[in-house]
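Read the structure below first, then the notes.
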Amino acid sequence: MSSTFEQAAADVKELKETPNSDELLKLYALFKQATVGDNNTEKPGLLDLKGKFKWNAWEELKGKSKEDAASEYISFVDELKTKYGMK
């Protein structure tokens with residue numbers, strides 16, 4: 001991982017406010033795609049709603065390269081820093 005990506009991952013924890021649910025899902029999916037690659041995990045069970053949302057968000061990025069996901073993650077964190085500010 002690039003130092004820029006690692007800094008973005010650290011910065012997101014220092015936002016003044018917690019991003020909304022959709023933003024958190026996007027952050028999660030981009031982070032997983034950038035660090036792991038395509039989702040190859042089993043789909044969560046019917047009662048695990050949070051797990052299913054996270055799994056689906058990551059699954060939607062299937063085929064995106066780790067590099068592209070990392071770049072998109074960095075850009076998205078920059079948007080969130082502008083929107084929410086830093087602590």
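Note: Cβ is positioned from N, Cα and C throughout, glycine not excepted.
Copied over from Swiss-Prot, here are the features:
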- 1-86: domain 'ACB' (DOMAIN)
- LYS13, TYR28, ALA29, LEU30, PHE31, LYS32, LYS50, LYS54, TYR73: acyl-CoA binding site (BINDING)
What whole-number distance in angstrom separates the two most remote CA atoms of the acyl-CoA-binding residues LYS13, TYR28, ALA29, LEU30, PHE31, LYS32, LYS50, LYS54, TYR73?
21
Fewest-neighbour residue among binding-site residues, criterion Cβ within 10 Å, set PHE31, TYR73:
PHE31
Looking only at LYS13, LYS50, which of these binding-site residues has the biggest number of Cβ atoms within 10 Å around its Cβ?
LYS50
